[in-house]
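Structure first, then comments.
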């Protein structure tokens, strides 16, 4: 009696005072200890009972096994009891056998549970169900189904627990046909009204995406418990019906009243989008109000929600406040950091786990490997691969998939293939990872070959497979050979209607240079989703159609299509390359409003936009602190300082990057060498080039060689530049010779200029820059007849010179000017303003440098020609139509003329304004008669 009412001490006192104890007394006392959770005491009392010679019975054995199952640390004791069961022939007792099944299932020793089951002379429905639950808990749903079918063959009737287990397994296997068969059996058995069974049916329909069927079952239930409501909320959430899930949660609170941790975790799943973040914050407040903020499961769901909505700082605050953290908490943080592109954050979490000596699982390693899916973190990825092997997870399927993905994205396809081949089992995700690796590395033939092998192995490709294969077609030569035939295959297999495949086809045609086909596909779609719009924006941006990309974004905004981080990134890139600060600022504001500003892609695109639009202060405001910067962030910062003429600061940034442990790459050195070239830092540039390969392991590419030729050429060391070209580790291309030719123009080296021009024209006879630059070399050297002869030849070859133009944005309208342009409505005012400026700067000491007037005319005409240059027309227009205290921003498609550079300096001093001129090579900041380039550009 005492033990039944929880008075275990009183029960033990009575037990100890008993003069005679029979078998029932011992059984009741042991059962009392088990009920109170005193498992060790129950075990000690059993040993005492057994030592006194009492005969073992099924009741006491079952109580003990229940104790050892619940303890989670008494597996050895349970194995000893199993030995006693066998020794004393107690397995005939169904109650004992079923308890053994439950014991082994709780410890995950399924093979032993199966052995016990097969050895049991008698089994009842509870025995069958117990083994089914063991397999279900272990994730082996196929075995659950096999047991169910065998159970039916042997004529065993199912109870509500059996049906609940097998129905859940049908949902997990996504086996809709079997699910309906079991449902028929349930109806035949007449227990469809049972709440537990109905709840499992709701969940099963949710897994099948049969939301209407789930709703039908829920609405026709005579009685609902908290699990019913939780199941329905989960069904809506898992099928991305966010509003319905939130509405169901609201009705639950009104109708049912009671909610628990599972309810809150389920509804928080749909609050990860920016649109539903306010709901998420509200539910977080409710969690605190209900005192459930210490519940680790809810906290983990909140971590995921904050990361999915781009609020990593909120996630960090919550994580740091959590009194209890389990491995899922750490994994959630790592996965969240990877989602936002904050790979260093994820790796820091892994280091903390290692330092604390905590056990890690396959999810931990998969997240850590995902953080290393960039060549910047290849070394860390290799170290984690070693940890995977040491920890025994190298044969885990999920970890294997993550390894193949990581090595593919790091450009190590041979290693990715080796990992793939050594994997003991493979699934479609594994094949997709390998195909994706080939696509990432633009290995079109290999991607197609892997796709063929996949099909030969009996795997059916899904939409991800097709997207990955399409991603490998990135060259115009791939279109006819691979892209269009594969498009035909997609049509035949019926995947052309898939939204993601359609978007990938749009991207594929654009990547292969056929933007017309991309536009045709896009315009042919009757129902364009946000993803489709975003794909088209990105396609235009990638092909340099910046204006079209911005027009599409405006159309999206007009038609109320939702932006995502990719469309915002593409729009910011378009604004950056067009130099339209106002549009870039508008997109940045929109990103903040929508909650995308913290996303890795958006933040870097915003930084790059401010850098390319000349707003270094705004760039620095959003720059992450040094420890949190990715390599891309460092590269953007370095290139921005270099582009703006802060060459010493660019060098400092490079060394700061190294101090923070970031590894420089190909792009880093292009920016660094360019900074040295434009800043006249010849010796430093040569030293960086030498250390690039030897110290940092970055192979010299053609872009680096162009920088070195430019570096030597600008400083007048043309002989060294020519010698370098002869010994270059890669074959010189047009850019190398063009850089040398430009240097020959600056320093008047006609013969070497001729050689450079000839090399350009060998590979590209219609290259207008070779004719123009060499003609200019001759003109600046006073060889007017040679210059004229080159221009005549250019005309006879029908080669058109790229016209110079300059533009600026005034009141959200682009005004563009060509040389001597008189088509602008305000031309008369512009030329009057130019005359005014010409007079004022002459009074300030301006002397025209007529060497930049490249036609053989008298000096007066040459000077007049210089005042027709497009950048001067843009300057005059800007001074007329912009506020006197504002910064004037002007852009030019060709390199700024040296005489115009002098004019801009003088004008900036006279009008007391900051003028920023951007040409294809760099920014010139003019202020108080000086330029940021120091007259070296």
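Placed from the backbone N, Cα and C atoms, the Cβ positions cover glycine too.
Just so you know, TrEMBL annotations are computer predictions that nobody has curated.
Quick look at what TrEMBL annotates:
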type	residues	note
REPEAT	22-56	repeat 'PPR'
REPEAT	124-158	repeat 'PPR'
REPEAT	326-360	repeat 'PPR'
REPEAT	427-461	repeat 'PPR'
REPEAT	529-563	repeat 'PPR'
REPEAT	630-664	repeat 'PPR'
DOMAIN	845-937	domain 'DYW'
Cβ contacts under 8 Å made by the repeat 'PPR' (427-461) with residues that lie 6+ beyond its boundaries: 397, 400-401, 404-405, 407-409, 411, 413, 416-417, 420, 468-475, 478, 482, 486
Folded-back contacts onto the repeat 'PPR' (529-563), same chain, C-beta under 8 angstroms, at least six residues removed: 499-500, 502-504, 506-507, 509-511, 513, 515, 518-519, 522, 570-571, 573-575, 577-578, 580, 583, 587, 590, 594, 596
Other parts of the chain folded back onto the repeat 'PPR' (326-360), taken as Cβ under 8 Å at six or more residues beyond its ends: 296-297, 299-300, 303-304, 306-308, 310, 312, 315-316, 319, 367-368, 370-372, 374, 376-377, 380, 384, 391, 598-601, 627-628, 630
DSSP helix/strand/coil residue counts for the repeat 'PPR' (427-461): 26 helix, 0 strand, 9 coil
Secondary structure composition of the domain 'DYW' (845-937) [DSSP: H/G/I, E/B, coil]: 37 helix, 16 strand, 40 coil
